[in-house]
Amino acid sequence: MAFAVWFLSTFVIVAAQRHMALEHEGTYNIGGVLTNSDSEEHFRTTIAHLNFDQQYVPRKVTYYEKTIRMDKNPIKTVFNVCNKLIEKRVYAVVVSHEQTSGDLSPAAVSYTSGFYSIPVIGISSRDAAFSDKNIHVSFLRTVPPYYHQADVWLEMLSHFSYTKVIIIHSSDTDGRAILGRFQTTSQTYYDDVDVRATVEMIVEFEPKLTSFSEHLTYMKTAQSRVYLMYASTEDAQIIFRDARDHNMTQEGHVWIVTEQALFANNTPEGVLGLQLEHAHSDKGHIRDSVYVLASAIKEMISNETIAEAPKDCGDSAVNWESGKRLFQYLKTRNITGETGQVAFDDNGDRIYAGYDVINIRENQKQHVVGKFSYDNMRAKMRMKINDSEIIWAGKQKRKPEGIMIPTHLKLLTIEEKPFVYVRRMGDDEFHCEPNERPCPLFNTTDATANEFCCSGYCIDLLIELAKRINFTYDLALSPDGQFGHYILRNNTGATLRKEWTGLIGQLVNERADMIVAPLTINPERAEYIEFSKPFKYQGITILEKKPSRSSTLVSFLQPFSNTLWILVMVSVHVVALVLYLLDRFSPFGRFKLSHSDSNEEKALNLSSAVWFAWGVLLNSGIGEGTPRSFSARVLGMVWAGFAMIIVASYTANLAAFLVLERPKTKLSGINDARLRNTMENLTCATVKGSSVDMYFRRQVELSNMYRTMEANNYATAEHAIQDVKKGKLMAFIWDSSRLEYEASKDCELVTAGELFGRSGYGIGLQKGSPWTDAVTLAILEFHESGFMEKLDKQWIFHGHVQQNCELFEKTPNTLGLKNMAGVFILVGVGIAGGVGLIIIEVIYKKHQVKKQKRLDIARHAADKWRGTIEKRKTIRASLAMQRQYNVGLNSRAPGTISLAVDKKRYPRLSQRMGPERAWPGDAAEVLRMRRPYEIGKPGQSPKVIGGPPHPMLGKTRPQAQQNLLPPRYSPGYTSDVSHLVV
């Protein structure tokens with residue numbers, strides 16, 4: 001029950017509010033300030049018909065018309081608007097005026113209505129001043145302003161492919177507005193078009209001209225022959241008159257003018273002009289303005305409540321917000337009306353207005369040759385021109401070029417081998433060689449040092465190009481020595497502006513007509529200059545120095561790895577040890593057979609086993625010290641096979657390492673991992689601001705590599721190439737043509753990997769240059785005739801040099817001392833080792849000799865001691881003999897002497913003379929034998945003192961024999977034999 005009460009109360013309140021709103025929505029007064037009764041009548045009829053059009057008028061909504069006549073006096077117009085329109089609470093005003101009365105009266109209506117925020121829709125005012133919303137705050141118009149014709153100019157220039165124009169305009173508001181519109185719109189318009197029109201010259205004049213000759217003389221110096229003119233009808237007559245006198249309305253000149261100039265009474269034949277469709281159809285514009293207003297009010301009613309319009313001009317405090325909102329709704333309208341598609345821009349100016357393209361024929365006849373109209377399918381304006389119906393100046397049917405084609409051109413080039421070689425002229429030189437062309441450098445103040453001569457691939461191309469398409473030229477070098485890149489520069493001290501430097505900057509700023517150089521075609525440059533078809537196709541590649549195999553002192557060890565060498569060394573000694581053990585423990589190796597010959601081979605010792613193992617490995621003859629046992633000899637045969645394989649493998653690999661050709665490159669190309677992940681020991685670079693630099697900046701996948709190489713980039717390619725040769729730079733990334741030339745010239749350089757970033761070299765020209773097509777056609781003919789191939793062979797590939805490089809690569813490397821120095825050093829080490837060992841042996845031997853001497857001294861002392869003992873024994877024996885002798889004298893017969901010696905006490909005597917043997921001879925002989933000896937120095941034989949010695953005593957006796965005689969000075973010895981009795 002409570003819910004039902006709440007629902008009914010809510011429904012009653014909403015219904016009451018809706019009823020009040022409908023009562024308020026019931027009537028809307030539309031004011032009209034019109035020029036004549038026909039317009040007023042048509043205005044009333046249109047509103048009457050509108051009330052029955054349910055598409056635009058909601059139920060219970062009715063429109064009423066309130067009209068006044070436009071007065072030429074703007075003050076009266078203001079009073080009429082206040083007293084006859086605003087007092088009637090008009091929600092909007094439609095205003096028109098006569099073209100001859102000026103725009104003061106419509107401006108008065110706009111000021112007055114705008115003060116109270118009442119929207120005003122103009123149907124005839126086209127002055128640029130009404131676009132200023134600071135003054136005309138609530139003014140819209142169903143006709144476009146005059147300066148919107150600049151949009152149609154751009155479409156026409158694009159259709160005719162004119163790229164350079166001269167703009168002629170008056171210095172009033174509309175004249176400057178059309179220039180600003182052209183310049184502003186062209187910046188965005190040409191983003192979608194290939195051909196960009198540039199303003200070569202702007203000629204501004206004061207209205208109400210009396211003469212235009214001075215301006216025409218100045219215009220003749222320009223290259224463009226396309227004139228876009230905004231002028232009043234009176235000023236246009238003066239301009240056309242003087243242009244005819246200067247022959248500037250003849251063949252080759254193109255005049256495109258606005259509506260006012262088109263109606264001059266002396267408009268030359270061939271002039272193209274614009275005529276707004278429905279420009280004088282007040283009835284059509286009245287209807288469209290009323291329906292636009294009804295459409296806006298309908299949408300506003302559905303969204304919000306419209307407050308009552310102001311009623312009193314005397315109330316200055318009135319602020320009608322609904323009027324401001326209604327003005328915003330009006331600007332968003334887009335309907336199809338009697339005058340075409342009706343829509344507005346932010347300034348309230350009509351867009352999508354249609355124009356007829358008028359061609360002036362003989363006797364001032366106007367002929368429509370095209371239309372600029374709204375395309376419903378594409379929802380935008382579209383230009384259609386029938387070129388075949390146009391009669392151009394000089395009664396020509398063929399479209400003029402639109403520019404004066406100069407036959408003497410200013411050309412620029414840059415030093416880049418082999419395309420352009422630059423040679424400074426000597427002090428005594430006045431002319432270049434026949435194959436050279438003068439190319440001065442104009443950025444130096446030294447007048448004696450700026451004369452150069454240029455030759456090369458591009459110079460030969462230029463000479464042939466000039467002959468083919470018939471032009472003369474002045475050639476100069478790039479002022480800053482750069483191809484050019486797009487950088488930010490501070491021009492005025494407060495603003496930064498991006499502009500081109502180098503050759504591109506000279507061309508963009510029109511300081512040169514053509515660039516003849518190895519200029520890479522890329523999107524950044526093509527946006528600002530024209531390119532011919534490529535005269536040489538190329539790409540980007542990498543230049544590096546060929547990797548040379550380092551010849552160290554151990555180059556002969558390169559065939560085997562260190563591990564293999566160690567294994568071979570270990571194997572030699574392991575095999576030697578096993579051979580020794582096998583031969584030692586074999587029953588046929590350690591012991592000799594019982595019936596064997598005494599000359600049988602000795603068993604293998606460890607030293608001989610090592611000698612055998614090395615001898616087999618080094619293939620030296622082994623004469624002795626071979627294994628004796630069968631098991632050891634089997635191992636020896638296996639070791640010999642191993643040695644044969646090792647030596648053969650070493651020999652083959654040595655030839656591969658030292659004789660065969662070197663590896664080509666270190667890098668595999670741009671995708672080499674060492675480039676993508678640049679290491680500290682691998683440096684790569686290109687030239688700053690070059691096309692290659694731009695390429696790397698464009699490629700996202702190369703961004704990491706570019707950040708690394710950016711700090712290493714060089715100012716010139718020449719400097720970078722020199723650093724590659726010196727080994728300071730490992731990889732230089734540059735145009736393939738230049739790098740292939742460098743590689744063909746120097747056998748130590750090589751290009752790595754495949755080409756990437758393929759493009760071409762083209763001739764650079766200004767945007768819209770008349771020479772572009774001619775140069776392109778000539779280059780295509782050169783390709784077909786083989787002329788470009790001839791230039792390639794002559795300047796880039798250097799066939800004979802490249803052939804020498806190939807011969808050098810295929811020829812085996814000759815081994816030199818550097819390659820095999822290690823072997824000689826090894827021999828030297830062996831010799832030094834042998835000398836060292838012999839020195840060690842000598843030192844060791846001296847040590848042994850000293851030791852032996854000490855042993856000999858000790859042995860001599862021992863022998864001397866033993867000798868002393870023997871002497872004592874001998875003395876005792878002598879005494880015993882003497883006693884026996886004395887006894888014998890007493891017992892034996894005279895004439896005999898007994899010399900018997902005890903065998904046990906005199907073993908030496910017994911060995912020589914036998915036991916119990918008497919000395920033969922008489923007493924005289926005994927006496928001779930008993931003579932004293934003179935003992936000389938050590939090592940000398942003893943001498944007999946006095947008388948001739950016995951034959952036996954004259955000889956040097958061995959030590960053993962000398963000891964047979966008793967010592968002379970033994971105690972108890974006497975030589976006196978006088979007591980003997982014979």
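Using N, Cα and C of the backbone, Cβ positions are placed for all residues, glycine too.
Taken from Swiss-Prot, the feature compositional bias 'Polar residues' applies to 972-982.
Residue density at Asn247 (N-linked glycosylation site): 12 other Cβ atoms are found within 10 A of its Cβ, drawing on all protein chains shown. Annotation comment: Swiss-Prot describes Asn247 (among others) as N-linked glycosylation site.
Among the features that Swiss-Prot reports, N-linked glycosylation site is placed at Asn303 (among others). For the recorded site, Asn303 (N-linked glycosylation site), the DSSP three-state label reads helix. Shown in sequence order, the list is empty: the chain has no residue 6+ apart in sequence with a C-beta less than 8 angstroms from the C-beta of Asn303 (N-linked glycosylation site).
On its own chain, Asn334 (N-linked glycosylation site) has Gln341, Val342, Ala343 as residues at least 6 apart in sequence with a Cβ closer than 8 Å to its own Cβ. Marked as N-linked glycosylation site by Swiss-Prot on the basis of sequence analysis: Asn334 (among others).
Spatially close to Asn386 (N-linked glycosylation site) yet at least six residues away along the chain are Val369, Gly370, judged by Cβ distances under 8 angstroms. According to Swiss-Prot, the feature N-linked glycosylation site maps to Asn386 (among others).
The annotation N-linked glycosylation site is assigned in Swiss-Prot to Asn443 (among others) on the grounds of sequence analysis.
Marked as N-linked glycosylation site by Swiss-Prot on the basis of sequence analysis: Asn470 (among others). Asn470 (N-linked glycosylation site) has a Cβ environment of 9 other Cβ atoms inside 10 Å.
Residues or ranges marked as N-linked glycosylation site by Swiss-Prot on the basis of sequence analysis: Asn490 (among others).
Under the heading N-linked glycosylation site, Swiss-Prot lists Asn681 (among others).
Summarising the annotation, Swiss-Prot assigns region 'Disordered' to 934-982.
What Swiss-Prot lists as topological domain 'Cytoplasmic' is 583-639 (among others).
Per Swiss-Prot, the feature topological domain 'Cytoplasmic' maps to 841-982 (among others). Averaged across the topological domain 'Cytoplasmic' (841-982), the predicted model reaches a pLDDT of 59.
Cα spacing between Asn470 (N-linked glycosylation site) and Asn247 (N-linked glycosylation site): 26 Å, rounded to the nearest whole number. Asn334 (N-linked glycosylation site) carries a strand DSSP state (E or B).
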